[in-house]
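What follows is a short report on a single structure.
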């Protein structure tokens, strides 16, 4: 009896330690969401710091996607060489350092490198933390822990625009200028109906448009307005306002540093305990490996083998599907604050708030999906998501063309709801109806999926710079429609060709066991 009481007390103490560790990991994921989501609202101010235009500054988003890929590959190389907890803690601390120095990089090339390193270290933490949570709680019990990290990341993303907003550079009112009905066409701005205007062109590297106000203007000897040339050199232009976003980045870095301290303390204490009980630890690992092999054998048992051509072709289309979707999901919140300022004439504060609304809808929908996945099948959830996502981005396009502010808010919120469940439900659906989702398949799909957000900023930045900010709305509507069509084709393929020739590959028990492993945090999905 005494031994049983002692064992029960030890089990309770160990469970409390696991819960405390998972809470610390969730706090770190909040900081991850803060770090990742603050780049979008701060984008215009980062342009001011580096003296770049939209096309050039879009390389920052490309570097973030490249960093996510590098972080995933780096963890794969280092995971067996170092203690996973060291990768987790080291990634968090280094992310805090690189994030803090980002707004101090006046040289654009240096800022690109720093953003790349920030994303790399952030991804190292995400992958290591996800793996640790699964190993700590087991496949089934880790479902709640991983869903909690998903929600924690989204909470940080919601708070990021609110933290950045007070420190954004203000939009100065240019003395002697009143404008109405202008359209933004980078690198120049065409005016209609100006009064008292000096002959000038906007400097695209230091421009910020909103409420007909501009940061700096390059004077020219003459400018064409409504088909005629005018000249007036008497108007004084305002100086370029200074940004204070380094405070926002410093706050986030400090929170990241503080969040990593409990994990460091836990690592030191558990390492000492492990040294005192190496034999028990070895037995636990051996048992876990045995259970993993048995689960893997059960998983493949009874599942049909597709022909090599069909298997590779299906895998290719799954990769394309995820690449197109992530291009939409990541691009929208990154460019949304800049878009509403340049295209709709909003203030930066409103741009930050609408981005926060997107993330709030995303977080709420992700939380609701924790319960919906137990009621609806993955295919049903995906059909619902795309039925809402395509109309949302089409409505966003129409709202941008017709200058309907309320529709911009509504479409941004519905887009957040629609995009929240596609990636985790997509993996579950692929496992149910297309092919077994093994570790190798997951790695290939996640790495290939980053091609979309890696290339999208290059194309979009060029289009926005040369054809106007409205290109963002057109591209998102087109990519969302393309992604929905690819999903429908894959769904028809699985329900006709695969089911007719190979039967159903669905396995309720296996799908339930794999669900925790497939519901990886949002930042891991992007890497």
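Note that Cβ sites are derived from N, Cα and C of the backbone, with glycine treated the same way.
Panel annotation: around the transmembrane segment (20-39), residues 46, 60-61, 64, 92, 95-96, 99, 115, 118, 122, 125-126, 129, 132-133, 136-137, 145, 148-149, 152-161, 163-164, 248-249, 252, 255-256, 259-260, 262-263, 266, 333-334, 355, 359, 521-523 of the same chain, lying at least six beyond its termini, place a Cβ under 8 Å from a Cβ of the stretch. The transmembrane segment feature in TrEMBL is assigned to 20-39 (among others).
Residues or ranges marked as transmembrane segment by TrEMBL: 59-79 (among others).
Under the heading transmembrane segment, TrEMBL lists 86-119 (among others).
The transmembrane segment annotation in TrEMBL covers 245-265 (among others). A Cβ distance under 8 Å defines the sequence-distant neighbours of the transmembrane segment (245-265), meaning residues of its chain 6+ beyond its ends; these are 20-21, 24-25, 27-28, 30-31, 34-35, 38, 42, 45-46, 85, 88-89, 92-93, 95-97, 99-100, 102-104, 160, 163-164, 166-169.
Feature annotation from TrEMBL assigns transmembrane segment to 310-336 (among others).
What TrEMBL lists as transmembrane segment is 356-376 (among others).
The transmembrane segment feature in TrEMBL is assigned to 381-402 (among others).
Long-range contacts of the transmembrane segment (408-430) within its own chain (CB-CB distance under 8 A, at least 6 residues past either end) are made by residues 150, 154, 318, 321-322, 325-326, 328-329, 332, 336, 340, 344, 354-355, 357-366, 369, 372-373, 377-379, 381-382, 385-386, 388-389, 391-393, 395-396, 399-400, 437, 442, 445, 511, 514-515, 518-520, 522, 525. The feature transmembrane segment is assigned by TrEMBL to 408-430 (among others).
Taken from TrEMBL, the feature transmembrane segment covers 437-455 (among others). Sequence-remote contacts of a segment are chain residues at least 6 beyond its ends whose Cβ falls under 8 Å from one of its Cβ atoms, and for the transmembrane segment (437-455) they are 61-62, 64-66, 68-69, 72-73, 76, 315, 318-319, 322-327, 330-331, 427, 430-431, 514, 518, 524-527.
According to TrEMBL, the feature transmembrane segment maps to 467-493 (among others).
Listed as Cβ neighbours of the transmembrane segment (356-376) (distance under 8 Å, sequence separation of 6 or more from its ends, same chain) are residues 33, 37, 147, 150-151, 154-155, 157-162, 332-333, 336, 384, 409, 412-417, 419-421, 424-425, 428, 515, 522. The transmembrane segment (381-402) makes contact with the transmembrane segment (467-493), as judged by at least three Cβ pairs under 8 Å among residues 6 or more apart in sequence.
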